[in-house]
Structures are given as structure tokens and as C-alpha cells.
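**Student:** Next up is a structure, given as C-alpha cells.
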């Protein structure tokens, strides 16, 4: 089966069409702007899968309708998913703009005095606004000389932010969310909303009963040689934690081996259902070998599966990590309890950064006073105002231990193409696999247990759906926090010491939901959240605006908020603008 091609970035050099001197004097400068833009993007960006980003430049500069149409024909044939229009001069606004209604688009007007690039930028954006096709504005802060071919830092930042978000939009379009099972324990996020996926993300939902997973395991619809490799890998790399179950619920060695085997099989089969596996065709299972074209998935698990069979913790944790028995590879996006809305936040984070995502319960707010009362320890540093306990038995990626290192030796989570095998091994070594607690998981299983290193910048996100409003996005930038071991042990044992933990301190602003840490917890819209490495809230905001998802809560500096220019016409408060603009334009793929 032919592999679907990755979306490309289209670069549209536009020009003043007046011949006999004007156009001729601008051809080289205009095309060089396009080439410089393409060079920047191909050098600095990758797709989430790790592949190089490709740019497609119009064959000619665009002065009017005919050349715009020729450019569009080229872009349509080469899977261009977003466009950047560049110009150093005046051009004919509505005659030269990109009119595709669902393709993210930006315009860079060169800030120079010899020719009015800024005037075209304003004219073209006015046309976009009047026609209801929002576009992003890029205009350098400082005047450049006409022969200056450099890209200023502020222009570069906007080009890269737009491109990262635009590639995420284009990469999600046409893919599916694999809903493996139904509603888990009444969790609203697992009431999968097909209209949301179709209208806002351009995706389909593939609903599959969990009996399909059972069938694949029972009928051996998997690669048996790979299963043996996975078992050998686990035997080499898994460290097991204590079994905290009562004696009557503890499993013997043979039973534990069967649980491990099925847990690894679940990972293999869920992966095969998402992306397909040509090895299945070799054993006569051609239909199953195709998969469901899923870019993200969720597994219900509780309780209809977990009351009888091993839980999804091991499978989810391995799939969401950047490595397994096949080595370092792109992490999958698999939401525990089929929380599709948290799955979408995971998908956004992965598409923007290429990194694994940490799924967690937003479990407990610990005030400084409560921690001092319980442990005698006084919080300080990043934790001085209190912390939030992020913990869940399920799908936290092992990358979340932060045993990978950046160029300065700091703990982090890297894009998978930068991770060494030694770093993958370090994450495994930092993880223990604890037998599942019987009172929660009667069918057994293994929960990963690790503790996230402190001082690491993270962005916590969540998508919620509000009746009458639609989807909204929450964003909280902050840091992981390291507590003294005895303090961590006391606090962790009050919840469940067999699960992975991140102690999170959001960055406070003194206003609204970021008045204090308690307010962050109180304003969080659901029981789950996602941690994405780095302070990347600005990228999430730009992506959300492309999809027409308003942001209801964030602590990103106002100077970093980057949305389409038409948002400014929707009022004077930038967050109110976001709501009114998203309501005005409606979902990107209106249905």
C-alpha cells in the first residue's frame, strides 16, 4: 500500500506586475525572499515523524490572477498544506492572495523604505479579512535595506511558529482517531465527539470494540517473532517494583509471565490497528494489515476489559514512549481511558514538538501549609507557592522521567530523532514496573513507576468541550519540581506509590486562574492533562487559532501571542477577540 505523502509548505513570492522597469527590478529580490524563507524552514523544522520539511516555491513571481492560478495548480499537485506569501513591494492585494479556505496562510511583508512591502501586507490582509479567510501577518520590527537578505530574529520567530502550527494542522487532516472501546467510567472525554474531530480537526473517528483486540490476541493476528523479541527486551530492561497486593491477589511467576506477555501483545496489536503492519499480510491477514490510518488512539480499558484482562498501562506507556524493542522511534499517541480530548492535546503537543507526551491525572493541589503539616518540609524555589501532583497508572511516556539530556546537560525530553539508545536505556533504568493494584485492576497488569526530575520546563494542556460553545483549550506553563526523597515518599504513598509522578509548579501571573497554584487546579476543566516539554504555550495558541479553538486559560506572555490579523477586529481585549473570532469564523472544516 502506498505511503501517504507528508504535507509541504508552499512559498508564494508576489510582485508588482507593472512591466517596463518595475517588475524587472524586483524579480530577483522577491524570489530571493522566497528562497531564504524556504531555506530557513527546511533547516530549522522537521515533521513530527522526524522527516525533513519540504518547501515548494511558485515557479514564477505572482503578479495577478493567472500566475496565482498557476501557483495553486502546482501546490495542489504537491500536497502543500500551508502557505507563506512573501514580498518586498507593493502588489495587487486580492488578486494575488491564497484563497484556499482551510489552508493556514501567512504573509511576510518586507519592512523596507524603497518599496512598500508593508502597504501590500496591509492591503492583502484587508482582503483576507473581508473575504473571511484569516491570515497571519509577518512584519519586521526594524527597517531593513533593500539589499539586506537576512531574516530578522522577530520575523524568524513568527515564520517558525506559523510553520510549526500549520504543519500540525495539515498533518492531522485526513487522519483518524482510533477509539478502542467506549466510555470509561463515565469520563466525559471518552464520550467521543465525531463532529469535533470532523469539523475542527479534519479527522475521522474509527470506533472499534475492545473485542477486536481480544480477537487479534486469541487468534494470533500478530508477528510472533516480534513478540519473542519484545519479551526478550522486557526481560533485559524491566525492573520490577514491589507487589503491594494482599497475598491472595499476588500472582506466581507463571501467572506474572502470562500478564507480561499479554501486556506486550496489547502494545503490538494496538500499534498494528493504528498504522497497519505488512507482516500480517504475510500470514494471510491482509485486511488487518492495513490498520485504521490512526494518528492517535485511546483505549477504554476500565472497567469492561480490566476487570478480566491485564490493564493497558504497560501497552500505553510503551507506545507513548520514544523507544521499544525495535529501538528509538517516533512515539505514538494513545490516551488512557479513551479520553479522546486529552488525546487531542497529546496529538497537538507531539505534532508541535516531535516529542513524547506525558498523560496524567491532575490529581492533587498541595499547598505549602499542607505539605509542611504532613511532612515538616517547607517548600521553596519553584515550589514555594505550592505544587500539583500529576499522577496516573496509565499511559505516561517513560521519556517523562527526563533522563535524556540537552546540549548543556540539563534533564529534558528530546524529539525522538535526537535521542540516543543510551538515553532510552536510562529512561528504562529509571522506571520500575509494579504489579497492578487488584482493587483497581482485577485482571492484573503492570504500572510504570518513575519520578520526573525537577527544574524541567513543561507546558500542561487540555481540550474540553462546552455545550453551546464547542471546544476550548487550556494551557499552563510551569516546571517540574524535585522534592526531598522522604517528602516525596510521604506524599506519594498517600495516593498510590506504584504509579509515575510529576510534581508540577505552574508559573503564576497574579491574575485570574493564575493568581495562585490553587486557582490553576480549581480552573482546570477535567481530571486529565498533558505535559509537553518546554514552554511552548505560544505554539499551542497559534495552532488553536488556526483550528478556531478559543483558549480559555493560559499564562503565556502577551507579546508571544500570535493569531491571525483579523482577530484584532473582534474587540480590544485579546482573549475576548479569540472567542469572538472563533465563533465568527466557525470550525476550520465547517460541517
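Using the three backbone atoms N, Cα and C, a Cβ is placed for every residue, glycine included.
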**Student:** Given that Swiss-Prot annotates 337, 361 as binding Mn(2+), state which candidate in 194, 528, 535, 554 belongs to that site as well.
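**Tutor:** Given 337, 361 bind Mn(2+) in Swiss-Prot, the matching entry from 194, 528, 535, 554 is 528.
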**Student:** Which residues, same chain and not among 337, 361, 528, have a CB within 8 angstroms of the centroid of the CB atoms at the recorded Mn(2+) site?
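**Tutor:** Near the Mn(2+) site, the remaining chain residues are 187, 189, 336, 339, 342, 359, 360, 392, 394, 526, 527.
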**Student:** Would you count the other C-beta atoms found within 10 angstroms of the C-beta of residue 528 (Mn(2+) binding site) for me?
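**Tutor:** A count of 26.
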**Student:** Hey, of the active-site residues listed (337, 361), which one tops the CB count within 10 A?
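**Tutor:** Checking each of 337, 361, the winner is 337.
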**Student:** Tell me the coarse DSSP state (helix, strand, coil) of residue 337 (active site, proton acceptor).
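**Tutor:** SS state of residue 337 (active site, proton acceptor) = coil.
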**Student:** List the Cα distance (Å, whole number) between residue 528 (Mn(2+) binding site) and residue 337 (active site, proton acceptor).
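**Tutor:** Answer for this pair: 10 Å between alpha carbons.
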